[in-house]
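The feature transmembrane segment is assigned by TrEMBL to A:12-28, A:33-51, A:57-77, A:84-101, A:107-125, A:188-207, A:244-264, A:379-402.
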């Protein structure tokens, strides 16, 4: 059977464009064809996880049933009771499959868990979010079908952006007004073409043409600088990889957002000129935003409240430092259980803590110069620190030092 | 109404974009020849894009480049590598390297189908590794990686029914790549059954070919210059004069410099990267049962030979050895290797392919092999001693007599007693 990987080839865009036509025409006339949309989503999910990826398809079905049981079960329980232990148990159980998938390659080198499939992380974010919001009472009723629709919304199924249930459901329940939909359509076309430029032109140039070159050059310099391999080509690798990472992922995100818009769903944006960030905090408000906001709302904030409520740490500054550390450490582990992802997490935690010190220092010393030169310096510094973190993230140092 | 105007403003550019793409890819473009510099880079780049494409290969052959068809050994670019020697001494020929790890006869057969006519009455060097001749022959994953839809379509639309054609189509159908396109698969199935492709299939294939030709024309120009720079650096280590005695000295010196940390005479960096520690332990006696005497590869090679014969290509076949110490360690049978060598040579000689450089007895010489199975310093040099006169002097026309029996399962399995 055929297998179509999301946003991977021109034919994918042609097929998706044709399949979307009825939905677009319907929405233009203010109607949402729910049955057609459901069928169309199912077909695309089958195309993505069928064919020679069928084992992933099986894992996906099993996973969805499992989450349905947990979220549904917790919602039922939550109607009458609200014990913290049950809530914690529900969250833990919801992330167990993801943990297994992430830990398996670390224990058995080179092997992948049978539970895994493309996009399991993103589905887990959505499921855990449901449990947390049910606990908070911001989501009151649990309806299996809308939940499935949210979980399996196919434009974002493989790599986000991570939407929120209430926002998604509100978009889905109505069709946008014509003027509004035309705006969405207009943006969608722009994002699609910007995505083509990002992913298939710039991402290709940086990732496929330049990256192997600089990687090779950097590997030849293994013995440089007292056998640390620190060399100019390594610096070249750092910048090239950073550019590749951004254009590839931002390109993908633009496609996902554009296709969502065409379907009348305003999936949130993932990137907002991240390399123009003035500091690390600012960077995380611009880079992979739906992920960092998810972490902010469901890990950072919750952990902060937890510390304050139980008075584990008194000093407010220390509290936020602890929360940053936990936040980025979990993010590191989420990327994968390898030393470089974990170091990447710790690096960003340290960077943001140091940045916090600086921001407080600046507040106390109002007389510090502030002009476009200092702003330029801030952007330049942030950019380089971020690129360095991506060098860690790339895993290239692992190859350079240990392989 | 206003909304209608807006919608045209939105989809208008999309339609224009689609039309432009269609024009660029479907209408024949002829973006002109690639530059000499690109050609030079491509000849040593070992780029998969160049390998799968047609434009640069054809143009380079027309410009006098000589295809060196092989596999992983081509990337062993020490200063005695054929490309370095030919560049340094401004030889009358320049190699165009075709092959990477995993490219065997079947991959080459399809990848060369569009350039064969450019090779008419010309010369090629064909390095046949006995390691290709496994029970499975061409590995499907590698075939997939090097599969060129462009060249395969050319092959399909020019196929004439024959034993060779049917055999090739049947082999192609066993590869996953054949299933990547439904209509193409149907066409291949027709050819495999000795039938012509339908006119509908032909229309589809020629349309797709136009698209691929334009894509090749546009993208194959993006060739990395990394290996060319490497070659130019390697040149500096060669003596000023093209003399065997001096080159041997350099080969010995470089070989001695690069080896020494292991008992196999394998290049140190290769040993550290691939063998050190557990790996080498696990490989002790691991090749005891390897058998290269029975393989579909014999018939796959016959496909290439039949094409060479058809276009009167003058072929020099090189059969490399294995590192003798390594073979002893892994238990690879000398006798089996000799039988393989003999069977390959029988197939070649009985059909008139008489220019054979048989190096299989030289695997024990110092610095002959760069690592376990790949030619290095003195190995390259020894090969050069026959390749150079073959390519620089005019050769009498070859008389090939292709025999269909080499396409049979009987021959593949024959023990060649």
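Glycine is no exception: its Cβ is also placed from the backbone N, Cα and C atoms.
For the transmembrane segment (A:12-28), same-chain residues at least 6 beyond its ends with a Cβ under 8 Å from one of its own Cβ atoms are 4-6, 36-37, 40, 43-44, 175-176, 178, 181-182, 185, 192, 259, 262-264. Just going by CB pairs under 8 A, the stretch in A:33-51, A:57-77, A:188-207, A:379-402 that sits most against the transmembrane segment (A:107-125) is A:57-77. Ranked by the number of CB pairs under 8 Å to the transmembrane segment (A:57-77), the listed stretches A:33-51, A:188-207, A:379-402 are led by A:33-51. Away from its own ends, the transmembrane segment (A:33-51) comes close to residues 1-6, 16, 19-20, 22-23, 26, 57, 60, 117-118, 149, 152-154, 157-158, 263 of its chain (Cβ-Cβ under 8 Å, at least six residues beyond either end).
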